[in-house]
Amino acid sequence: MSGAAAAVLAWALLAGALLPPPPVRPQPLPRGDREVHEKEAQFNTTYIDWVHANLLNIYAFNHSVRRNRTEGVRVSVNVLSEHKDQPVLFVVRQKEAVVSFQVPLILRGLYQRKYAYQEVSRTLCQPQTKAEVETQHFYVDVSTLSLNTSYQLRVTRVENFVLRTNERFSFNATAAQPQYFKYEFPEEVDSVIVKVTSAMAFPCSVISIQDILCPVYDLDNNVAFIGMYQTMTKKAAITVQKKDFPSHSFYVVVVVKTEDEACGGALPYYPLSKDASPDEPVDQHNRQKRLEVMVSPAITSEAYVRSVLFCLGIFLSFYILTLLIACWESCRRQHKRKGLLAAMDSPSLDTGHSRSIPDSFLNHGPYDSYGYGSFGNGSSSSTEGITDSLGSAEVSYSYVGQEQFKRRTPSAPTRPLSIPMGERSLDTVASRPRLDSLSSVEEDDYDTLADIDYDKNVIRTKVRVPPGPGSCSLLARPALTPLSFQQYLCVADLARKDKRVLRKKYQIYFWNIATIAVFYALPVIQLVITYQTVVNVTGNQDICYYNFLCAHPLGNLSAFNNILSNLGYVLLGLLFLLIILQREINYNRALLRNDAHALECGIPKHFGLFYAMGTALMMEGLLSACYHVCPNYTNFQFDTSFMYMIAGLCMLKLYQKRHPDINASAYSAYACLALVIFFSVVGVVFGKGNTAFWIVFSVIHIVATLLLSTQLYYMGRWKLDSGILRRILHVLYTDCVRQCSGPMYVDRMVLLVMGNIINWSLAAYGLIVRPNDFASYLLAIGICNLLLYFAFYIIMKLRSGERIKLIPLLCIISTSVVWGFALFFFFQGLSTWQKTPAESREHNRDCILLDFFDDHDIWHFLSSIAMFGSFLVLLTLDDDLDCVQRDKIYVF
């Protein structure tokens with residue numbers, strides 16, 4: 001034999017000695033007799049053996065356990081036989097626990113589908129030891145009822161079984177090979193956040209946090225039995241507090257699910273051959289996922305305190321700013337009054353060029369309504385309105401003339417409804433009783449109900465023409481029809497009702513919304529508390545759609561930061577109510593002293609809608625906080641209901657400014673808003689992908705737009721009855737066929753045409769696209785209509801020669817900027833209940849402010865400030881008219 005051949009033979013013998021011996025097929029013993037083979041086994045060694053019904057193989061392992069060091073032990077098995085109907089049973093007996101599983105491992109999915117896994121790996125639960133070093137034994141028993149089944153067995157130690165803070169660790173997992181690791185809290189850390197990421201969206205997996213107890217639930221069919229858990233595609237995060245774990249340590253369990261349906265994936269194809277049984281399991285082959293886990297410390301208690309103080313500081317600063325502005329306004333008014341009194345003492349006022357100033361103006365200035373934060377003494381005098389009118393002779397609405405206004409008595413044969421503006425003085429107006437108003441019509445002024453109804457037709461069909469010098473022209477009852485009148489409609493024409501009646505009418509808005517708020521909020525609070533309790537008890541974090549990367553718990557609340565950020569709505573809503581209260585107090589004081597400006601000038605002051613708006617803003621904060629206790633699709637309407645109300649109340653307030661007598665009643669307004677909320681709930685529940693629902697809603701949307709347009713165009717002087725079609729055809733024939741005439745109310749027609757174009761476009765968009773977020777789509781409709789009406793109001797105000805004072809102008813500019821930033825943060829989309837919880841977590845992001853607040857919290861901050869600013873705009877927009885007689889204020 002040559003030297004080369006001898007070397008090859010030597011290598012072959014050496015290799016054979018190192019390889020494990022081939023399995024020996026044991027001979028079956030007679031039934032009733034069972035052979036037991038027990039052997040000492042080693043870690044990191046692969047054992048290939050046979051087992052049958054009359055043979056039990058036992059592998060004995062031992063290892064050293066240290067008190068200050070935990071090592072994971074993992075058992076991996078693989079059955080080489082193809083007899084899936086006769087599995088092999090593996091039982092691991094430890095000191096304080098027993099783990100058993102069969103191979104092939106059968107796991108069930110939806111519709112009781114069965115999935116078989118030939119390769120199974122399980123990590124053993126490690127019992128605690130009190131000794132410094134202890135040798136522990138465990139045994140692996142292998143048995144079966146089948147004939148001669150071969151298998152592989154390997155026991156290894158798990159590397160990095162104990163996770164370290166701020167260190168990443170990558171690993172693989174399958175449905176039959178789950179992984180779990182241990183984490184121990186450091187002394188200085190009270191809470192941590194466990195982050196698990198993966199580059200693969202599927203297969204779907206489950207992350208669970210469990211206490212250090214045996215057994216560990218690490219299979220798809222039992223992982224939800226204990227602890228906290230959530231499904232995962234690419235991201236998962238769970239905040240863990242030390243106080244919840246007596247041992248100050250916990251297990252991080254990662255399980256791959258058998259199916260992806262829970263994470264938004266499609267169900268796998270389930271093949272069945274002709275000869276196969278429906279119960280035959282399917283082999284999923286290599287369904288594996290690569291994951292990475294990291295445990296990092298969460299924020300400290302100091303961060304909670306700092307964030308609460310920051311939130312309070314922001315919104316309480318608005319109170320301070322309001323007080324400073326009120327003081328500045330009071331000082332400015334006092335300075336102007338002193339300057340006016342000094343100017344009156346000068347000889348220049350004795351010339352014939354000066355205008356006469358009623359004594360009532362000097363003794364009692366216009367009521368304190370300037371600015372938006374007036375908390376000064378309501379009885380203080382002011383002469384701002386006088387100086388404004390004296391300062392410019394060309395202002396079209398300054399007070400001139402000395403003739404006294406003569407009020408018609410009920411016995412007078414004619415009914416003059418207004419007096420030329422240039423011939424009107426406020427001397428006698430200031431000396432009148434409080435409720436005796438130039439623009440009010442007493443009950444005795446009319447003889448019959450038909451007379452009143454006819455007057456409504458005459459007044460409300462006056463047409464806008466460019467005003468000439470003088471006043472709104474006279475209007476007496478003629479023999480002609482109202483359509484022949486080319487008169488201009490003034491606020492005085494639509495402010496003829498008794499002030500006490502109107503005050504009671506608009507106060508109903510506040511009391512109704514207060515009642516709605518109580519009955520709406522109580523069950524909402526009860527429901528979200530129940531939701532939070534269910535989350536805490538079951539540990540199922542898929543119930544609520546948080547931004548888990550920035551969800552800071554406090555007590556039983558899982559995301560305290562999302563609740564705290566809603567404080568701005570409540571505080572700013574309360575501040576707005578205080579401002580309105582002070583304005584109302586000043587206005588009532590002015591009425592008590594028969595102030596001419598309060599009686600006859602400016603937009604009629606009705607505060608009920610403002611109180612309703614402030615209450616709605618506070619309730620929006622409360623219900624938004626309730627929604628964020630456990631955000632999901634079943635309670636999303638809590639967050640949007642009062643948004644609809646705020647949008648509706650703002651439009652009503654804009655309309656009420658120039659139409660105080662014919663504004664909608666509180667009952668009809670809230671009934672319409674209730675219908676909107678009803679459609680919101682129906683759309684969220686049934687509207688997703690439902691063509692029939694979108695067709696019905698689009699038709700209702702268009703019909704409602706047409707009806708509302710008709711109501712606004714004719715100012716309520718039309719009827720919806722059986723003759724409506726005949727009247728429509730008559731109007732079309734007379735105005736389009738018989739003679740081509742333009743619209744009588746051009747301004748209103750322009751607004752309504754634009755409104756119809758926008759609403760029809762939104763209806764078409766909804767019908768074609770069918771957006772999943774129906775609640776936001778419905779809110780967008782309301783906001784678009786509100787913005788359109790507000791823009792129309794501003795344009796018409798400037799067209800009519802009116803001006804915007806400094807404070808409302810600053811409010812408009814700053815509010816627009818804040819709204820822009822707020823919408824930017826709103827559209828970041830940190831979570832969405834339109835998808836599965838696992839898919840929603842893909843949008844989660846870290847905190848961006850003080851390590852406590854996320855993008856949506858900043859949306860809460862900015863939107864509350866923007867809503868407060870928008871309310872101030874509505875409140876102060878017409879302050880320039882506070883010294884203008886109402887029969888000189890245009891209606892549009």
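Every residue gets a Cβ built from N, Cα and C, even glycine.
Record features, source TrEMBL:
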type	residues	note
SIGNAL	1-26	signal peptide
TRANSMEM	304-328	transmembrane segment
TRANSMEM	509-529	transmembrane segment
TRANSMEM	563-581	transmembrane segment
TRANSMEM	667-686	transmembrane segment
TRANSMEM	692-714	transmembrane segment
TRANSMEM	749-768	transmembrane segment
TRANSMEM	774-795	transmembrane segment
TRANSMEM	807-827	transmembrane segment
TRANSMEM	858-877	transmembrane segment
Apart from its near flanks, which chain residues at least 6 from the ends of the transmembrane segment (509-529) lie with a Cβ under 8 angstroms of it?
-> 608-609, 611-612, 615-616, 619, 622-623, 626-627, 629-630, 635, 638, 641, 645, 649, 666-667, 669-670
The transmembrane segment (563-581) versus listed stretches 304-328, 667-686, 774-795: most Cβ pairs under 8 Å | 304-328
The transmembrane segment (667-686) versus listed stretches 749-768, 774-795, 858-877: most Cβ pairs under 8 Å = 774-795
Could you tell me whether the transmembrane segment (304-328) and the transmembrane segment (858-877) are in contact, taking contact to mean 3+ Cβ pairs under 8 Å with a sequence separation of 6 or more?
-> yes
